[in-house]
Amino acid sequence: MLEVKGIKEGIVIDHIKAGNGLKLFNLLMLEYINCPIVLVMNVDSKNLEKKDIIKIEDKFDLDLDKLGLIDSNITVNIIKNNKVIDKKNVTIPKKVKGTFKCSNPRCITNSDDYISPSFKLIDSKGTPEYLCEYCEEITKYDGYLLNK
Amino acid sequence: MNKVKHLIEPDDLTNSEIESLISKGMDIYDNPKNYSDVCKGKIMASLFFEPSTRTKFSFDSAMIRLGGNVIGFSDASTSSTSKGESLADTIKVMSFYSDIIVMRHPKEGAPKLASMVSEVPIINGGDGGHQHPTQTLTDLITIKRFKGNITNHTIGFCGDLKHGRTVHSLIKTLSRFEGNNFILVSPKELRLPEGLKYQLTKQYGTKFTEVETLDEVMDKLDVLYMTRIQKERFFNEEDYLRLKNSYILTNDKISNAKANMIIMHPLPRVNEISYEIDDDPRSVYFEQSRMGVFVRMALITTLLEEAK
């Protein structure tokens, strides 16, 4: 079985649903980070059967809201001196700004760079649904709309 | 920047503010001379990024009747937006040149963006297929005038309910007043947007029925609000041609309607109300258009007063 050793200092994003690891990797733009990073996919998990894990050996500010959009089950472990010093749970964000586009082509946020699209969560069951704060249309977040 | 009050969507006004605007509008209607110079020295910028006849001239007329002055444009191609200037920059600058701004824009949410950068009150004169709060004030003053109150009515909305901003604002507002019921008549493709239905049910607990023909509900209505199938909102002309004649009101169609029902329409109509209906005493759509000036006069004076 593949083994990946622990990190001395940094962040471990654990319990990522198998398949979401690469989405998170791209979302966090980890390819641009100049430090050791490990993405492990499809490892055995007690709760999820299979899971992905990301380890980042560095101090790194995470946007937990963005993580919650992709996968609200993940946990974020903060590591210092080889020990977990903090554990953060991620939830589906109630408000989102600038992360994905409004699905309404007539919405001002799709044609004016002055403002970022902003939404409030109206349904978190299944595919999260967000109400646009400008045009009041509903956008279903499907994980592939990230653009800003 | 001063915190000023804007009218971007119906929820910007409380029920008592709406009632007070209606009362003031009625008073202006009855006593126009009392208001003929209350806006002397004030300038209203009338910025219409999309064509309009009624709303623009109703506002312009309202300001002139109040003794104020009007600047602006009625065609975006004559403004600096045609040179690529952002909406935010246009509004910011126009708010230095005027005391109040009324704007129409084809993009939904544009007036909200304007209100974030303006130093003077912004009035939404219609944004795409989203909202049209001053048409709502016009509709409410008309219902008040012809039905005596704005509560306890069964209101039928008919036509393009998906893109009809006047319907969106009016149903949102009437939902806040006691005892109103709604019957929504439209083809399946042109039903109320899901985002609005969500707000109506979650926020106001509104109950509505959706049907596809007028005949089955005509005898139940106190107010029939007709709307145009809006060619300019369709992405596909084939869909427009298929749906454009879905509802045409004729004398025959309203033969079993209540004697005191009123027929409203935000205008312009195309062919959804036959000309023969114009003489029916229940047709109030031209009076509705007239009342719009008085309630807009009430709105302008109120927002300017609050911005002092």
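FYI, residue positions are counted from 1 along the chain as it appears here.
Cβ atoms are placed via backbone N, Cα and C, with glycine included.
TrEMBL: automatically predicted annotations, no manual curation.
TrEMBL lists B:R54, B:T55, B:R104, B:H132, B:Q135, B:L267, B:P268 with the feature carbamoyl phosphate binding site. B:T55 (carbamoyl phosphate binding site) falls within a helix when secondary structure is assigned with DSSP.
What TrEMBL records for B:K83, B:R165, B:R228 is L-aspartate binding site. Sequence-distant contacts (6 or more apart, same chain, Cβ under 8 Å) of B:R228 (L-aspartate binding site) comprise B:G159, B:D160, B:G164, B:H265, B:P268, B:R269, B:V270, B:E272. Mapped onto three states, the DSSP output places B:R228 (L-aspartate binding site) in coil.
Sequence annotations record features per position, and here TrEMBL assigns domain 'Aspartate/ornithine carbamoyltransferase carbamoyl-P binding' to B:5-144.
Per-residue pLDDT, averaged across the domain 'Aspartate/ornithine carbamoyltransferase Asp/Orn-binding' (B:153-302), gives 92. The domain 'Aspartate/ornithine carbamoyltransferase Asp/Orn-binding' annotation in TrEMBL covers B:153-302.
Long-range Cβ neighbours of B:H132 (carbamoyl phosphate binding site) (same chain, at least 6 residues apart, Cβ-Cβ under 8 Å): B:T55, B:N124, B:G125, B:G126, B:R165, B:T166, B:H168, B:S169, B:P266.
Each of the binding-site residues B:Q135, B:R165, B:L267, B:P268 was checked for a CB under 8 angstroms from a CB of chain A; none meets this. The DSSP secondary structure for B:R104 (carbamoyl phosphate binding site) is strand.
Sparsest Cβ environment among the binding-site residues B:R54, B:R104, B:R165 (other Cβ atoms counted within 10 Å): B:R54.
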